[in-house]
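The next block holds one structure in the form of structure tokens; read it before the comments.
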Amino acid sequence: QGEPVRVLVTGAAGQIAYSLLYSIAKGDVFGKDQPLILVLLDITPMMTVLEGVVMELQDCALPLLREVIPTDKEEVAFKDLDIAILVGSMPRREGMERKDLLKANVKIFKSQGAALDKYAKKTVKVVVVGNPANTNCLIASKSAPSIPKENFSCLTRLDHNRAKSQIALKLGVTANDVKNVIIWGNHSSTQYPDVNHAKVNVKGKEVGVYEAIKDDSWLKGDFILTVQQRGAAVIKARKLSSAMSAAKAICDHVRDIWFGTPAGEFVSMGVISDGNSYGVPEDLLYSFPVVIKDKTWKFVEGLPINDFSREKMDLTAKELAEEKETAVEFLSSA
């Protein structure tokens, strides 16, 4: 057992963190023999709740957990980090406009980006979960100029997992039998779940999803809508947003950054669009198919893009460009 990995989770008194912290602390993400220091940041009014979370982590009696540090201070939270999982954000209430959400969050992520820049290791990996995740991530990155842009990613793994799962349910196979779905673009209802390059294992044989499902109108219609609107559907049913599935997706995302993606498989991650070959404008935080090795992601290159996909990919890029413009306006006044 080497040096402990220092992991920050923000919004640590919230419900996603409540599902997430146990998985991290018991070794699901960084491996079963990697000691950990967990740093838990939340706002001052949540500190009592956070104390309860700390007690529970202690009561789990987890062998890997060397230390738990609850705090409401950025200079404590961001110090010497190996990885920062930024879950906390101004939450979206029912009927709230994305623009209102953006304004509140620019403040938060400007401040956290600056704290990363000042206190964290320059090798820190930053994963943004709090919505609007893509734009929050871009703001954090712009506010941390001394940390490579490539070290910032945002979570679209939940959408990726939702897409895999919908295909698996339709075919009566397990989610593990489906690979290489893609989420393009924004973690919003304009995202484009693309299964043109996805494969499914049916009775030991790997076939394309379109070939396996034989229902193009479902794949181009209800399937896409279901994935795009799944978050809203969960809120409607549960009266709370996705927590268990979000936590699982964060674990998947971070574990892949840490250990790499399996051979022959790619995953979806919101990353800086600079240098992509898919015609997505530069300087957007856009979800692409990536492979990861040695803690470094690369775009999956050379996938043919049909007209249907092109239109959907451009639409979500347009939304991200508009969000960025709004956020950058707020940034100058934040």
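Note that Cβ sites are derived from N, Cα and C of the backbone, with glycine treated the same way.
Note that the coordinates shown come from a computational prediction; the quantities given were computed from them, not determined experimentally.
Per TrEMBL, the features are:
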ACT_SITE  H187  active site, proton acceptor
BINDING   D42, N105, V129, G130, N131  NAD(+) binding site
BINDING   R92, R98, N131, R162  substrate binding site
DOMAIN    5-152  domain 'Lactate/malate dehydrogenase N-terminal'
DOMAIN    156-330  domain 'Lactate/malate dehydrogenase C-terminal'
Report summary line: Taking DSSP helix as H, G and I and strand as E and B, the domain 'Lactate/malate dehydrogenase N-terminal' (5-152) has 66 helix, 28 strand, 54 coil
Requested in this report: Quick one: pull the CA-CA distance for R92 (substrate binding site) versus N131 (NAD(+) binding site), whole Å only.
Outcome: 8
Query raised in the report: Tell me, what is the mean pLDDT of the domain 'Lactate/malate dehydrogenase N-terminal' (5-152)?
Result: 95
Query - Other CB atoms within 10 A, centred on D42 (NAD(+) binding site) - result: 23
**Report entry** Cβ neighbour count (within 10 Å, all chains shown) around the residue listed as 'active site, proton acceptor'
**Finding:** 29
**Report entry** Listed binding-site residues D42, V129, G130, N131, filtered to Cα within 10 Å of R98 (substrate binding site)
**Finding:** N131
Requested in this report: Among D42, N105, V129, G130, N131, the annotated NAD(+) contacts, find the widest CA pair distance and round it to a whole Å.
Outcome: 16
Requested in this report: Between H187 (active site, proton acceptor) and N131 (NAD(+) binding site), find the distance joining the two CA atoms and give it rounded to the nearest Å.
Outcome: 8
Report task. Quick one: pull the CA-CA distance for N105 (NAD(+) binding site) versus R162 (substrate binding site), whole Å only. Result -> 26
Query raised in the report: At the level of the C-alpha atoms, what whole-angstrom distance separates D42 (NAD(+) binding site) and R162 (substrate binding site)?
Result: 28
Query - Cβ-based isolation winner (fewest other Cβ atoms within 10 Å) among the binding-site residues R92, R162 - result: R92
